[in-house]
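Chemist: My questions will all concern the structure given below.
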Amino acid sequence: MQFGSRRRKIINSAQTELYGHSVQFYGQPPLENISLTEFETFAVERLKLLKTVETLGVSFVKHSEQYSKKLESEFKNLNFPYRPETDDRKIQTGPSEFEKRRKDHISHFILRLAYCQTEDLRRWFIQQEVDLFRYRFNDLPPKQKLEFLHRNNLQYDTISVEEKKALQDKLVNSSYAVSGITVEDQDFYKVPFQDALDLVRTRKVYLKAGYVYIPHQDIVTIVLNDFRTRLSKALALTARSLPAVHSDERLQPLLNHLSHAYVGQDYSIQKNVGKISLDQIDSLSGKSFPLCMRQLHQALRENHHLRHGGRMQYGLFLKGIGLSLEQALQFWRSEFIRGKVDADKFDKAYAYSIRHMFGKEGKRTDYTPYSCMKVILSNPPSQGDHHGCPFRHSDPELLKQKLQVYKVSPSGISQILELVKGMHYQLACQKYFELTHNIEDSSFSLNHPNQYFVESQKVLGGGKDIKRETDPQQRSQENATTRASTAAQDTAAKDVAEMTEDLDSFFQDG
């Protein structure tokens, strides 16, 4: 992808050919110039789409009616290509089909750059793109599927009616969910057996003279294997070119941010300043804190200290749920002086960093509570640390014991551990939310610890915000704090990467 003022090298006819189909293997990278604004917008919207694919894939049976309806809705909301043959008959009110396909193509390659950096990122990206591709390919009419195969050098042809009749008994006996009636009504593909080893291994197809005969509904297995292999190789090649990409000071921060990106509500804006009293925190930690914050709170109460990674993660979370600066100073001081830190050392070594977190020192930047992706992917905990994501960073057996202590049912623990095994850490946390709040299906997609708290308070409070009574003097003080916080937020920078780097230095233990 090219940036700057270089002359556009791609001509309209080549672009038209590239975007002539709604489904592709993304074999040819885009060559046109795009703005940095478009670069970021495309990437964030594709990331939203892939996160929806991940959530739906675990919450619903893939290709069920509910799964398809919700994914179709997301395609339309984010303006990605979907069923052009039906859309063309309607009056065009949004982006054209060409524009949607262009966005789909470019956004895929942008996320390749962001998600090729580590094995975990590559694995996640490949799985979501494969699921997305499967949905799109299955939605193609039979004729377009065959065209797609030939266009991508998968020279698999359907067998003739005469050959199908001659092999009918063999096809019925060897193919899953195929009867004599359906043999007549559907196409069968003749494929070299080495291209269909998964189907051969599971004995789902008829094998003869080095070829397998694959029913129409199973050809997607072959295509997906090919797509997965191509994408895996492409990500490995992309990773080799990262040093050159990172030399561009405009792209490096964007790409690093995308791999940890959070695309939901901004919880740096405190809407409930002072509504949480310090006396409530112990109770709230057991009822409304996500597991990551619950374990941090427990470790703080037991050890009267947290290392800098834990203080950053937990301190910003508490700020996000409504603790004022004065409350935060009181909270941390009262806990630390119960341990090995006296009041004088706290004021010298720790109070400044708390004021800095609230934008009252240094650059006066309003720091943002960590999202789930940031907790999962950055700064993994080491010996003696309590921060991080329990679903990502805890040993499964220790996680199981912790869930048992928190009264999660055995069947619920099994569901959570299965999600963890599949590396669906946020979905495991969402399942924990459902189990601890006794609800069948949460109506949100969990992406942030503070979102967990807000949704918990809605469930426990019947949709109302948490409230507490305060005396007039305290209310006046807290209103002043709110006004000061709001004024600071109006001038605060929003560069999360820069904020984290600055804050790290202030939270180091002495």
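Backbone N, Cα and C define each Cβ position, glycine as well.
In case it's useful when we look at the structure, here is the feature table from TrEMBL:
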BINDING   C292, C372, C389, C429  [4Fe-4S] cluster binding site
COMPBIAS  473-489  compositional bias 'Polar residues'
DOMAIN    283-453  domain 'DNA primase large subunit C-terminal'
REGION    463-494  region 'Disordered'
Chemist: Cβ within 8 angstroms of the Cβ centroid of C292, C372, C389, C429: which residues besides those meet this for the [4Fe-4S] cluster site?
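Modeler: The answer, listed by sequence position, is P290, L291, V375, I376, P390, F391, R392, Y425, Q426, P449.
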Chemist: Just how many other Cβ atoms lie inside 10 Å of the Cβ on C292 ([4Fe-4S] cluster binding site)?
Modeler: 28
Chemist: Restricting to the same chain and to sequence separations of six or more, state which residues have a Cβ under 8 Å from that of C389 ([4Fe-4S] cluster binding site).
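Modeler: Residues satisfying the criterion: C292, C372, V375, I376, Y425, C429.
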Chemist: Would you mind checking how many other C-beta atoms are within 10 angstroms of the C-beta on C429 ([4Fe-4S] cluster binding site)?
Modeler: 26
Chemist: Starting from the Cβ of C372 ([4Fe-4S] cluster binding site), draw a 10 Å sphere and report how many other Cβ atoms land inside it.
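Modeler: By my count, 25.
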Chemist: What average pLDDT does the predicted model assign to the domain 'DNA primase large subunit C-terminal' (283-453)?
Modeler: 91
